[in-house]
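Structure first, commentary second.
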């Protein structure tokens with residue numbers, strides 16, 4: 001296990017190193033830089049500013065500087081926001097995390113319940129209905145359904161706020177604050193859950209169908225256990241086991257924010273910050289964010305593999 | 001011009017990102033019940049729209065959220081980032097924030113003419129090189145400390161630091177001794193002289209009519225921002241961004257990143273404490289209607305389409321005022337390309353492009369056709385001796401024939417075996433879609449091959465323009481204060497390949513005097529020249545409307561400084 | 001494991017050949033019993049027919065603007081009304097369908113082709129080939145796809161590709177971010193198939209690599225590929241619409257369902273002009289849902305064990 005881990009860790013570093021180089025080059029190749037967006041500047045002043053920011057240095061040198069700073073935990077200052085990149089992450093990521101964690105939780109709960117029932121009643125009208133509903137939810141462009149729900153639920157019916165995270169100007173604390181946030185996050189969470197629940201439900205359904213056909217389920221039934229017990233203690237547990245590996249893959253999504261949902265619902269998350277920074281070519285922030293996601297992805301994969309081993313000790317780690 | 005910093009960004013960056021999302025999206029059309037004949041539409045566009053301010057008809061319709069606010073006014077702002085120190089901010093939205101936190105020495109009025117603010121008065125020497133500002137007495141910063149001429153001197157000085165990375169125009173004025181300070185060979189700027197705590201003068205190397213307003217911008221506290229200052233070291237200012245000490249109508253109460261900037265009235269404001277205790281800039285991404293209809297914001301701007309105006313009036317709880325921004329839209333032509341080098345071709349394109357359909361009809365009256373680089377609200381605006389270039393495809397064809405571009409095989413014009421093609425760049429917006437659709441047909445009719453390209457983000461577009469890989473590109477200027485602002489691009493090298501000594505001479509002449517009547521004459525001459533030469537193809541002036549909560553009183557909007565001027569007077573009834 | 005190889009091969013052959021000959025017919029029969037899948041299939045076919053043939057009967061195919069007919073509600077001359085430039089919405093939806101369906105199909109084929117080829121090579125040869133391919137896939141998987149698409153979008157404008165060819169670019173972009181996941185899956189399948197007895201038999205028989213790969217291994221993952229491919233078409237159509245939302249999709253005035261719906265994605269059009277967003281919205285919805293249902297039915301028939 002420990003040799004495996006150390007091997008994996010070395011590999012992770014190599015991949016991340018390669019990723020950082022690739023990301024850096026891609027951003028550097030992207031036309032325009034932070035200075036070029038400000039067309040009010042004279043060409044001389046632009047050159048001066050590029051000099052101040054070090055944007056005129058050779059690519060590899062810039063990468064070297066960035067990398068050596070990053071190793072020391074210094075991801076630099078955002079050019080547009082004039083703040084340390086890490087501080088900005090701290091200000092925005094938790095808002096994204098809140099949305100993601102709640103909607104992921106809901107997605108899983110719904111997917112498990114619906115998946116189990118529709119697997120159990122495979123090819124029944126309920127199953128068919130669920131399948132159609134699932135595919136329907138997966139078939140709408142997210143940006144469209146988002147604005148559409150705002151129009152109906154916020155603008156016309158005024159049941160929910162049209163965006164943001166707090167009532168503007170509110171000084172609520174404690175329970176009142178919590179209520180306010182829940183009120184504001186309802187719409188984005190509903191949309192995120194709607195978009196994510198489909199594929200997961202299908203996953204659980206097919207897992208469950210496989211498990212139900214296994215011999216030990218037949219045995220359990222033969223023992224005379226109640227159907228409910230067979231389904232929820234014997235079958236579900238085995239159907240859930242492989243899903244544990246998915247947990248790791250959710251990691252980047254939990255912290256990475258959602259570019260579309262946050263933009264539409266005016267949510268102060270990292271995804272929206274990224275979008276704005278991309279338009280401005282705020283390289284320190286863009287690099288920092290993309291690397292952050294890369295690290296989470298690699299970590300997530302590792303966690304998945306380990307969990308897989310834990311869930312099914314027959315799987316050897318190599 | 002100082003407003004230029006943030007207005008520029010808000011107009012340009014925003015026009016590619018957000019403003020387009022709220023205004024352009026809505027700029028499209030006639031509702032189904034409107035008459036359809038093109039001719040009636042012409043008259044429609046001319047007669048309807050909004051000419052007079054409209055007053056809310058039924059305040060009881062105001063959404064409950066807005067009803068509840070008694071001492072708070074909320075305005076939407078795309079994305080303030082937290083860098084609230086003027087001169088040191090990179091985003092135009094931060095500029096909107098700091099314009100409430102800091103007052104200026106000199107401001108501009110509704111006509112774009114300078115008026116003293118923190119300064120009691122100012123003198124300009126006869127050679128137009130030395131500007132002397134006399135400060136009002138008892139000026140105070142928001143922490144209660146006094147504001148003196150030393151603070152003004154400090155502000156101008158740190159802008160000349162070699163580490164300064166902002167885009168202040170003060171640097172372009174060439175203050176005597178500024179370059180030496182920047183190079184590190186002098187410890188003070190010789191051109192800046194503090195005579196007494198209330199008097200400061202500054203000497204320039206050459207006259208510049210914009211100097212007064214540029215110099216007369218925000219004042220930073222030396223005691224606060226200069227405490228840790230060492231030459232070449234300005235990083236410490238970043239730490240002070242979110243703890244500003246200003247002298248404007250409001251002080252910063254709280255900044256919630258990505259959500260709100262909260263202000264509270266500044267009791268030390270030189271005009272007295274503002275009427276409304278709290279003011280909030282709310283971060284608003286998305287369709288602006290959703291915030292207006294739910295009462296989440298008290299104020300918003302819309303493209304002046306009939307549809308928007310009708311809908312705003314119909315809501316009943318909003319006051320609506322018409323407004324023409326001081327900017328102008330244009331198609332920058334690549335003068336280094338063979339086909340557009342020729343004035344006749346540029347004129348032909350102007351004649352052959354149905355600008356009225358694009359900018360007036362298709363945008364439902366939310367614009368008008370431009371022919372000179374100045375907005376109709378500018379004091380320098382004129383139509384005297386200006387060719388309106390009315391849509392005339394026949395004239396366009398004649399001009400092209402005359403210029404040697406003859407229709408060849410496939411209906412595309414050719415000259416010396418080269419086809420006449422136009423590579424157009426635009427940023428993603430509904431207006432660009434309209435332009436491309438109409439221009440494609442117009443150019444086809446003229447025998448020009450049209451190759452449009454649309455960019456999702458402004459930065460890519462600009463770098464493509466910098467690389468010279470284009471023929472025409474759609475741009476809009478930021479809000480312009482002085483007429484010379486709208487001409488700057490023709491002299492500072494931005495429009496490559498335009499080099500007309502006569503224009504340069506007139507431009508310098510226009511800046512060399514501060515006499516308005518004199519300048520008017522000069523600018524008329526400049527406009528006639530540019531209208532004929534068309535170094536860029538002038539396209540349109542935007543028309544917008546501002547809608548605001550009917551409970552707000554004393555609200556006026558200046559085309560040159562936006563809301564900031566009247567904001568301290570806003571009150572809720 | 002060292003049983004008599006001949007016996008094994010024979011057993012395999014006798015078992016395989018009758019099934020193989022009728023596998024296709026058998027699947028069709030099974031599929032035709034699944035009414036839902038059949039109706040999905042019918043909808044998809046109808047969609048294709050309508051989009052590719054329908055515009056031929058429209059008097060408005062030249063896509064000409066007509067300022068006098070801006071934003072008219074549906075009426076006799078324009079069954080689905082007109083848009084902001086007076087263009088016929090019905091014609092545009094059908095023309096858009098051509099592009100959207102083509103983008104969906106083509107980018108699916110491209111990514112399935114690249115993904116399965118690379119995955120198969122990696123899984124079959126292992127060693128250095130596997131290392132190189134999978135490391136590249138790992139690398140690409142670490143970079144989030146939307147930012148990657150943003151960067152590509154910005155980069156590609158530098159390549160001076162005429163706007164008319166933008167749709168091919170969109171396809172390329174989509175398949176480029178799509179292949180690593182697929183390659184990984186195919187590789188996994190390959191690795192497990194390699195260890196199966198029939199493959200060991202093939203090794204013992206001394207078959208050539210190419211024969212082993214194409215005659216024995218790939219046919220075994222074809223059902224999986226077909227299912228993935230079907231489901232991917234729907235995904236690609238949706239992705240194109242998301243790209244349009246970010247302004248990276250196919251450029252107007254060339255219509256796609258994505259950019260049509262994006263053009264009407266605002267409060268005023270939601271309220272006043274449902275004919276602008278319902279047709280493209282419904283088209284995306286109906287097509288994607290139909291393709292998914294059909295793909296799901298296919299999966300049940302071809303590959304009942306496959307998960308997800």
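Cβ coordinates come from backbone N, Cα and C, glycine included.
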TrEMBL record, transmembrane segment, of the ranges A:185-204, A:205-224 the matching one is A:185-204
Matching A:66-91, A:92-117 to TrEMBL annotations, transmembrane segment lands on A:92-117
Please give the sequence-distant neighbours of the transmembrane segment (A:185-204): residues at least 6 beyond its ends with Cβ less than 8 Å from one of its Cβ atoms. 98-100, 102-104, 106-108, 110-112, 114-116, 118-119, 130-131, 134-135, 137-138, 140, 142, 145-146, 149-150, 153-154, 160-161, 165, 239, 243, 246, 258, 261-262, 264-265, 267
Could you name the stretch, out of A:92-117, A:129-154, A:239-265, A:285-308, with the greatest number of CB pairs under 8 A to the transmembrane segment (A:9-29)? A:285-308
Taking a Cβ cut-off under 8 Å, which residues six or more beyond the ends of the transmembrane segment (A:239-265) line up next to it in the same chain? 92-93, 96-97, 99-101, 104, 112, 116, 119, 142-143, 146-147, 150, 163-164, 187-188, 191-192, 200, 203-204, 207-208, 210-211, 271-275, 292-293, 296-297, 299-305, 307-308, 310-312
Mind checking which residues of the chain, 6+ beyond the ends of the transmembrane segment (A:129-154), have their Cβ under 8 Å from one of its Cβ atoms? 114, 117-118, 160-163, 187-188, 190-191, 194-195, 197-199, 201-202, 260-261, 263-265
